[in-house]
Number of protein chains: 2
Amino acid sequence: MKIITDIISLRTYLKDKQSVSFVPTMGNLHEGHLSLVRTAKQHADYNVVSIFVNRLQFSPNEDFNQYPRTFERDCSLLKEAGVNVIFAPSEKILYPVQQEFLLSLPPLARTLEGRFRPDFFQGVATIVLKLFNIVQPKTAVFGKKDYQQLLLVREMVQQLNLPIEIISGETARSSNGLALSSRNNYLREEQRLEACRLYQSLLLIKQEVISGNTDFKMLEINAIKNLIQHGWKVDYITIQRSTLTPAKPNDKDLVVLGAAWLGKTRLIDNLEILD
Amino acid sequence: MKIITDIISLRTYLKDKQSVSFVPTMGNLHEGHLSLVRTAKQHADYNVVSIFVNRLQFSPNEDFNQYPRTFERDCSLLKEAGVNVIFAPSEKILYPVQQEFLLSLPPLARTLEGRFRPDFFQGVATIVLKLFNIVQPKTAVFGKKDYQQLLLVREMVQQLNLPIEIISGETARSSNGLALSSRNNYLREEQRLEACRLYQSLLLIKQEVISGNTDFKMLEINAIKNLIQHGWKVDYITIQRSTLTPAKPNDKDLVVLGAAWLGKTRLIDNLEILD
């Protein structure tokens, strides 16, 4: 496995590789990332994983500085997973000057996460576009845990005519259902036990919807109340179409999404409800 | 020479071509475009020229509908020039749905042309990015006549890490100095004679600056007055650094740029003043 930190070396190394898959990450890897890597490896001969904590997608009040950085451990995990190249550029490499070409995004970027994290998707889309142009993969894998991000990246690829296939990876969970996330590291022991309530709330809604309950508003409100009673601060719990437009009672292909704070840690999760 | 109108056919055709140069155009070709094509052909084995009148870069009050479309003549000229592929997509192909991923641009896009044509550069940058992603050239050629556009495309390529070399082509002129432009077609016979005054005004400024005149403001004002006296409406005549930041008296590497209306036709031109 090669660790490459600059763009020219990466391009030189990948020059003759016809079939490259790519998994962009911010490091602090867990089983969720490794599962994306396994998916990626099924789709191409060479696999590149990037590790870069992207300042552009953090608002000034967010956790850019605290975001866990565990580079050496990440490298061991990726080596074990059979990754060919880790691309780990510095900020100087990716943002040698202030990034002034940014993507302006569709309304999908202003709902849900976009409402609560106004800089997030522009920062994500811009870095993903840059990384795509650097790596030039055939295939890139994004996790369903960041469901809205997955949809936006898919739409970006279509609208900008990028020659890349976007593949989705399932959300990895701990045994109690908690979606794996680097931000779980912020949780104290007792919070970690409580954290699975977000998943359980979404699962309850999913089961209710499958069993025919069409009072989406009531399902959402009950879940929010329950979380608040257990000390959470809820940003949203919402049942949407899988395209992330408002769901009506008889719609097929739904997704229930949630974002909520446990102390100072913001967690997100979602479950698809497909026919 | 192949004429290709859809993205999949183009990608299939270019699949094994290692070395592709690209000249994006809006058609209505003249010697200026052909000179860009000759430059492009020197830099790669295969040459692609696109013809697409890009609605996105026209403001609602501009000349999108009247813009001259001369497809058959363009094809003959390009065949004669030894172009390998004309990519001539319809609007449905490039904008199958409303384009919602757009580029948000640096301050450079809001001066000069950007002040008078507020939608122009976002439309240009977005279509150029899309075409780059479709054609995936090694090299692309842009004319110096659209000086600010050339700089913005160069900066876009850097900031978005596109693996493309941007080459500039000199401005082609008619015998009286008038910069060749598709919009010259709008000029009536007597306007065509008058039109070279824009070039002459820029040339006079260039000569004055070279001979040591550092009163840039006065040079600009005199040129503007002269044009107005001859029936022009002037958007700007300005001496700038070649990076398009305001010029100071002892700066090297300047460019003098002008944009002015002759009747209903808006013409632009520029001359570099290099050391």
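Placed from the backbone N, Cα and C atoms, the Cβ positions cover glycine too.
Database features, via TrEMBL:
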ACT_SITE  A:His33  active site, proton donor
BINDING   A:26-33, A:143-146, A:Ala172, A:180-183  ATP binding site
BINDING   A:Gln57, A:Gln149  (R)-pantoate binding site
BINDING   A:Gln57  beta-alanine binding site
Inter-residue Cα distance where the pair is the residue listed as 'active site, proton donor' and A:Ser182 (ATP binding site), in Å: 10
Pairwise Cα distance for A:Met26 (ATP binding site)/A:Gln149 ((R)-pantoate binding site) [Å, integer]: 14
Residues that sit under 8 angstroms from A:Leu29 (ATP binding site) by C-beta distance, when 6+ apart in the chain: A:Thr70, A:Arg73, A:Asp74, A:Leu77, A:Leu78
A:Ala172 (ATP binding site) as reference: those recorded positions from A:His33, A:Gln57, A:Gln149 with C-alpha within 10 Å of it: A:His33
For A:Ser182 (ATP binding site): DSSP state (helix, strand, coil): helix
